[in-house]
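Taken verbatim from TrEMBL:
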- 62-94: repeat 'ANK' (REPEAT)
- 94-126: repeat 'ANK' (REPEAT)
- 279-311: repeat 'ANK' (REPEAT)
- 321-353: repeat 'ANK' (REPEAT)
- 362-394: repeat 'ANK' (REPEAT)
- 395-427: repeat 'ANK' (REPEAT)
- 429-461: repeat 'ANK' (REPEAT)
- 571-603: repeat 'ANK' (REPEAT)
- 645-677: repeat 'ANK' (REPEAT)
- 715-741: repeat 'ANK' (REPEAT)
Amino acid sequence: MALPRHYVVHRFVKITLKDLSKESSQCDPAFGYVLNNNSKKLQDQLAGLLNKQQYLYVRDKAGWTLLHYAVLCGHRKITALLCQCGFDVNIKCDGNTPLHYAAQSPCPETLRLILQDGARADAVNSAGQLPLHNAAQSRSSGVQNLQLLLDTWPSGLEAVASLPDLNIGAGATPLIAAVATPGASAVTEKLDLLLSRGADINRVFEYNSLTGVNALRLLVETRSINTDLVHYLLSNGVNVDSLASDGVSPLLCAAQKGSVVMVTKLCKYSPNPNVADRDGYTALMYAVKCRNSSLVRTLLELKPDLEIAINFYDARRNKYANCTPLQMAIGKGQMEIVKMLLDAGANLFANMDSMGPDQTEFSVSCLHTAVVMDHAGIGQLLLDRGVDVNVCTSSGLTPLHYAASWGHDAFAKLLLSRGATVDAVGEQFMATPLIYAARRDKHTTMRLLLEHGANPNHQDKQGYTALHWCLTFNHVDSLDVLLNCGRKLDVNLISQKVDHRRGVTALVLGLEYCSAKVVERLLEMGSDPNVIFDANEMTLTPIFLCAEFGCVDKLQLLIKYGADLNRTSSRKETPLHFALRFKKVAAAERLIRAGADLETRASIGNGEHQQGVHVAAQLGLNSCIRLLAEYGANVNSTMTLKCVERVTPLHLAALNDLSETVKILVMLGADVNCQRSDTFTPLLTAVTKSNVCAVKCLVRAGADIHTRCIVSRSKDATCLHIAAQVGSLEIVDLLLERGANPLARMVTGDRAGIL
């Protein structure tokens with residue numbers, strides 16, 4: 001690898017002024033003589049030292065010899081002196097011979113001296129470089145050094161090497177070295193000489209891991225400003241369409257880098273403008289992508305194919321296919337470029353295929369693209385050029401659908417002024433622009449569409465209107481526009497099956513997603529509070545939703561507007577059952593006070609014929625139990641649980657170890673010794689489940705501890721027998737303290753102690 005001369009001079013100064021002054025054992029006075037070439041006296045002194053062979057092969061700290069220094073600095077007399085003393089002219093320093101440095105010297109005589117003394121022109125350094133490479137890329141030597149070397153060894157013309165400093169790997173010839181080196185002296189003269197000797201101007205090499213790169217591509221890659229050199233290469237037959245391993249030509253590379261000067265220069269030699277890289281991008285597409293109108297104008301002079309299309313992904317991972325330069329320019333909002341492409345004959349009716357993250361494919365026109373990017377000026381240009389204002393995508397969506405969905409009001413006004421159909425229906429979802437605007441809460445666009453006569457009652461494929469969608473997403477501003485639009489809104493339109501529901505009206509959605517204020521407004525507008533809909537395979541009315549979610553304010557509104565409190569679901573549940581089952585105490589109490597039927601029975605889970613008091617007792621809703629009793633509920637009412645009949649609320653509380661509920665039921669008059677159909681009393685039920693707290697409450701309330709029951713494995717068992725069977729020592733102790741007979745026998749003869 002060649003070293004610049006100023007670096008070597010710096011080293012000389014360092015040696016003479018620093019090392020020699022300290023009389024370093026690793027340096028030598030002879031280097032000072034080489035440095036001070038101007039002194040005849042010093043030259044004579046150096047000759048005297050060399051004649052004694054004392055300093056002939058001495059090296060400095062970097063391993064440099066006297067001859068390396070002398071030839072690089074162009075010290076002809078000292079070089080001659082060293083050669084006369086028999087200095088080895090092929091001695092190497094870091095792989096470089098003196099000839100490598102002489103090739104870079106501004107003094108051709110120095111080079112001629114060591115060549116005459118037997119220096120090998122075919123010597124290579126560690127990078128495989130010949131002295132020819134050094135001469136070609138030298139910033140100080142002229143063409144004479146190169147000519148001397150070629151005359152000595154013509155075969156070096158096509159010798160290849162790597163140039164690590166220039167990121168050039170294998171394959172660099174002397175011609176490549178001359179082209180690649182920024183600021184190399186007399187480049188064109190050197191190239192003339194090399195070409196006259198037969199150098200291949202189209203020789204390819206490796207650059208930055210790319211193979212197949214030629215000299216022209218190298219200049220483009222390095223953003224060379226030497227346009228004269230580019231012109232020289234092109235004039236001498238370099239392949240303007242040469243493709244490297246990445247499939248990119250010099251023109252395409254220049255367009256990628258946005259170099260107008262380079263593209264302009266290349267275009268004069270008729271390159272192929274349709275070469276595409278691995279992603280399908282041509283030079284024109286890169287120019288459009290970079291929003292470079294000057295570059296586009298230059299490339300259009302080559303008459304490129306304007307219909308070449310690419311596939312790409314945007315920032316949201318949406319896939320686009322068949323995107324032409326025109327579509328891309330529209331997407332970038334480049335009015336000037338769009339005009340240039342249209343004037344050049346671009347097809348404004350070509351569609352681009354798009355695929356969103358949900359893998360839904362559709363084909364869009366240029367006008368749709370302009371709408372999405374909200375480029376109204378470009379949209380007007382396209383309409384003026386003849387694009388149909390109602391052109392549809394493959395899914396039947398018009399540009400107005402897009403403008404409504406994105407909320408681009410200015411574009412929507414333009415489309416409506418040009419005759420866009422305000423209630424155009426898309427084929428896929430059967431939705432109008434108003435519905436699209438409602439779904440995305442574009443309330444200003446909704447107002448604009450309604451002012452132009454949009455139908456607010458149109459139902460899409462799911463049976464949803466714009467009102468349904470506004471309620472579903474709780475779009476308050478859009479709701480305000482619809483409810484105050486002055487048009488007749490049908491608030492009782494029902495939906496088709498959506499997810500797990502069918503027959504849903506606006507009121508149902510309002511109850512589920514919106515505020516009480518919205519619900520009240522819907523009721524004022526005539527929403528049916530008793531409309532029937534299906535949800536999760538159950539038939540319900542709106543009041544069931546309020547009961548399930550515990551929305552007391554909305555529940556009060558439904559009651560005010562005539563909702564049926566005792567409507568039953570397909571499982572015979574009333575709203576009161578719902579409120580209790582979902583533990584919505586406030587809603588349950590409001591229903592009770594409003595007069596809900598307390599005697600209605602329903603099938604819930606494993607229980608049949610359940611009244612509200614059963615549900616409340618089973619879940620420990622004590623305040624509800626008190627209120628139910630206050631309003632006349634029978635605390636000894638029976639139900640069926642897992643085929644066991646005559647189950648009372650007290651049985652359920654004991655079964656679930658709800659001691660407070662047991663106390664309340666007893667206080668309200670529950671029979672502590674009532675028996676189920678299997679003869680179990682509440683106490684026996686609690687003992688069976690080892691529910692200690694419930695047992696204590698029942699015993700204190702006077703439950704009979706001697707009562708017997710019939711069970712599957714043992715008959716005539718007492719509470720003590722069962723407590724012993726389940727292994728509850730605490731209950732056994734409690735029963736014994738209360739006087740339970742440990743000697744009592746079952747039918748099998750077993751005593752409790754034996755168990």
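Each residue, glycine too, has its Cβ placed from N, Cα and C.
Keep in mind that TrEMBL annotations are predicted by a computer and have not been checked by a curator.
When Cβ-Cβ distances below 8 Å are used as the criterion, the repeat 'ANK' (429-461) is approached by residues 398, 400-401, 403-409, 412-413, 416, 422-423, 467, 469-470, 473, 475, 477-478, 480-482, 485, 487-490, 493, 495-496 of the same chain, each at least six residues removed from its ends. Within its own chain, the repeat 'ANK' (321-353) has Cβ neighbours under 8 Å at 282, 284-285, 288-289, 291, 293, 296-297, 300, 303, 306-312, 361-366, 369-370, 372-373, 375, 377-378, 381-382, 385-387, 393-394, counting only residues six or more beyond its boundaries. Outside the repeat 'ANK' (279-311) by six or more residues, the chain places 251-252, 254-256, 258, 260, 263-264, 267, 270-271, 273, 319-329, 332, 334, 336-337, 340-341, 344-347, 350, 352 with a CB less than 8 A from a CB of the stretch.
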